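Swiss-Prot annotations:
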REGION    1-265  region 'Amidoligase domain'
BINDING   S13, D146, I147, E148, K186, T187, K188, P189, T190, Q191, K222  CTP binding site
BINDING   S14, L15, G16, K17, G18, L19, D71, R238, D239, V240  ATP binding site
BINDING   D71, E139  Mg(2+) binding site
DOMAIN    291-542  domain 'Glutamine amidotransferase type-1'
ACT_SITE  C380  active site, nucleophile
ACT_SITE  H515  active site
ACT_SITE  E517  active site
Amino acid sequence: MARYIFITGGVVSSLGKGLASAALGALLQARGYKVRLRKLDPYLNLDPGTMSPYQHGEVFVTDDGAETDLDLGHYERFTGRPATKADNITTGRIYQDILTKERRGDYLGATIQVVPHVTNAIKDFVLSGNDEYDFVLVEIGGTVGDIEGLPFFEAIRQLGNELPRHHAIYIHLTLLPYIPSAGELKTKPTQHSVKELRSIGIQPDILLCRTDREIPKEERRKLGLFCNVRESAVIEARDVDNIYAVPEAYHAAGLDDEVLAAFGIEPRIPPALASWHTINERVRNPEGDVTIAIVGKYTGMKDAYKSLIEALSHGGIANKVRVKLDWIESEVFENEDPAPFLEHVNGILVPGGFGQRGAEGKIRAAQFARERDVPYFGICFGMQMAVIEAARNLVGITEANSTEFGPTKEPLVGLMTEWLRGNELEKRSQSGDLGGTMRLGAYPATLKRGSRVSEVYGGATEISERHRHRYEVNTAYKDRLEQHGLKFSGLSPDGVLPEIVEYEDHPWFIGVQFHPELKSRPFEPHPLFASFIQAAMVQSRLV
């Protein structure tokens with residue numbers, strides 16, 4: 001039977017519960033255990049698919065087409081286990097399911113209440129599908145004390161009593177702020193956070209304390225005394241120089257040993273952390289630097305590009321170089337010459353996005369890369385803008401544009417109205433809902449034999465990648481674009497949807513309709529990112 005680890009947060013938000021959960025999952029996995037990670041999000045949205053990147057950050061898409069929290073990206077990158085739609089749920093989804101059942105009459109006229117109906121639905125979700133796992137780590141979004149989180153805290157409190165003894169523990173992630181004027185770490189915020197947690201019936205077994213310095217023994221003793229935990233269970237989670245150092249740091253602090261002790265388990269083998277050590281050695285001792293310009297729409301909120309940042313880092317790890325990022329708001333290029341901003345970079349990446357704002361700036365970035373032979377990587381929207389640039393400046397279709405921005409005489413990019421998912425036909429219309437209506441999840445693509453992208457994938461002609469888009473490049477323009485050098489080197493298996501474009505006579509210019517960053521791992525860098533960084537190294541004359 002699976003054992004459950006519930007991870008909560010206190011004092012402030014954005015402490016890194018998702019990263020802490022992922023790192024602990026990696027440590028348990030390194031000890032030979034089978035691990036599953038799940039996320040409970042208290043917000044009322046059905047999913048984050050329609051939420052602003054500035055509020056929520058990245059939407060992480062799974063193979064089965066779920067739009068989920070970015071923490072699931074951490075889970076995948078640290079454990080290598082693909083997440084599914086069954087690993088993330090929101091209050092909105094729970095309420096939708098309950099109200100659907102109520103309308104059907106499933107509750108036989110009962111009064112629907114938070115307790116027991118909402119809490120039971122949460123418990124059913126947490127306990128479902130875990131037979132093959134040794135440990136299930138469940139992260140509760142938000143911080144203790146949030147009104148919207150109360151049903152989730154009540155549900156995990158009940159589970160602590162309902163599961164067999166030694167089958168559930170609670171880890172509370174908290175902050176120990178350092179006050180320079182006092183010259184000491186302050187424990188009072190953590191004491192109050194734990195007091196709040198205990199007031200709703202949850203006694204943490206382990207305190208995971210975020211700090212920028214060593215926790216003095218006296219402060220550990222005080223935390224143990226006033227928070228009612230063993231002193232050994234006060235774990236120092238000190239800041240590290242890169243996120244892939246977290247598993248080793250947590251192991252050195254004794255987190256995994258303390259978790260096993262809380263379950264009454266004698267450690268059977270030490271964790272196999274050699275691969276994590278190798279990654280950190282490469283991160284800390286690079287053989288050179290490359291600079292990549294990210295020309296995006298949401299550069300003020302780096303979390304909007306979380307998987308992208310990590311995938312570029314993985315490309316650097318694969319090539320033993322440090323990847324420096326130069327963030328450029330794409331709107332700047334609508335009024336400024338791109339050259340002063342881009343002449344010093346070794347590669348240009350134009351990521352996904354939605355809407356007209358900043359689109360012309362992305363088109364100009366693609367033009368600069370094409371004309372100056374700078375490696376260019378266009379992802380989703382970035383591929384579409386590269387195609388529009390080619391149509392305007394190579395083919396001479398001056399009015400080339402996307403119907404996403406409004407009516408146009410030359411729709412190089414248009415709304416997808418139907419496509420195949422397996423054997424089922426998906427259909428969409430211009431007037432349809434925004435939420436959950438995109439082409440989402442893993443889809444196959446057929447690569448042109450002998451193309452650059454086929455070589456990048458090791459000679460493969462069939463691949464599967466994750467998508468999140470509503471618009472597509474119009475194949476009616478395919479022949480004219482190819483006559484001017486822009487090759488369609490990847491298509492959907494039925495030949496209807498363009499998946500990849502490239503210039504054969506360019507050092508490295510590839511646009512993809514999918515999101516390869518979602519499948520990159522530190523141990524297995526995505527081949528497109530590894531190849532892109534390698535091309536940037538050539539550009540920088542490192543090789």
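Here the Cβ of each residue, glycine as well, is placed from N, Cα and C on the backbone.
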Task: For I147 (CTP binding site), the number of other Cβ atoms found within 10 Å of its own Cβ - done: 8
Open item on the list: In whole Å, how far does the CA atom of I147 (CTP binding site) lie from that of G16 (ATP binding site)?
Closed with: 20
Task: For the region 'Amidoligase domain' (1-265), mean pLDDT (0 to 100) - done: 95
Open item on the list: Using Cβ atoms only, which residues of the same chain lie under 8 Å from G18 (ATP binding site) while being at least 6 residues apart in sequence?
Closed with: K39, D69, L70, D71, H74, Y75, E139
- [ ] Work out how many Å separate T190 (CTP binding site) and H515 (active site) at their Cα atoms, rounded off.
- [x] 39
Task: Proximal residue to D239 (ATP binding site) among recorded positions S13, K188, K222, C380, H515 (C-alpha distance) - done: S13
Task: Distance [Cα-Cα, Å, rounded] between E517 (active site) and K186 (CTP binding site) - done: 39
Task: Least surrounded among the recorded positions, given as K222, H515, when other CB atoms within 10 Å are counted - done: K222
- [ ] Out of D71, K186, K188, C380, give me whichever of these recorded positions has the highest number of other Cβ atoms within 10 Å.
- [x] D71
Open item on the list: What's the number of neighbouring CB atoms sitting within 10 A of the CB on E139 (Mg(2+) binding site)?
Closed with: 27
TODO: Across all the protein chains here, work out how many other Cβ atoms are within 10 Å of the Cβ of E517 (active site).
DONE: 26
